[in-house]
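The next block holds one structure in the form of structure tokens; read it before the comments.
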């Protein structure tokens, strides 16, 4: 059941918007979940992926325990290239294999002041969401008086 008349659920329209999305929206779509440790530390579930983040592939042919650094984020193709995820071409040269960001987990973030600000903002909004709709002890005591 659709509630918002301004949001479409038409598959072809959603595919069109996905593949014709501008770069600033592709950044948002190309987000990856954080590892359990980082999620605990920052109280944030996922972040848009970025060059120099360290990730671990958790789905597909290249999944495994080794952790690699993101070499390139290719927004046009919706893929990221990771340090050790390569294959050999027929002529013998090695090339990076593109992996979708949803199939990796971020194990270390490259932090700068802007990214720290984003983490704080996301954590704050998450905290507000947890407290929403709950009575505090003082309000309960006042109600009982």
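One is the number of the first residue shown, and numbering goes on along the chain from there.
Glycine too: its Cβ is placed from the backbone N, Cα and C atoms.
What Swiss-Prot records for 136 is SUMO2 cross-link. Classification of residue 136 (SUMO2 cross-link) by DSSP places it in coil, neither helical nor stranded. Neighbour count (other Cβ atoms within 10 Å of the Cβ, all protein chains): 9 for residue 136 (SUMO2 cross-link).
As annotated by Swiss-Prot, phosphothreonine applies to 139. All protein chains included, residue 139 (phosphothreonine) registers 10 other Cβ atoms within 10 Å of its own Cβ.
Sequence-distant contacts of the region 'Disordered' (1-21) (same chain, at least 6 residues past either end, Cβ-Cβ under 8 Å): 29. Sequence annotations record features per position, and here Swiss-Prot assigns region 'Disordered' to 1-21 (among others).
Positions annotated as region 'Disordered' by Swiss-Prot: 122-145 (among others).
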The answer for the region 'Disordered' (122-145), taking Cβ pairs under 8 Å and residues 6+ beyond its ends, is 42-44
DSSP-assigned states of the region 'Disordered' (1-21) in counts, ordered helix, strand, coil
9 helix, 0 strand, 12 coil
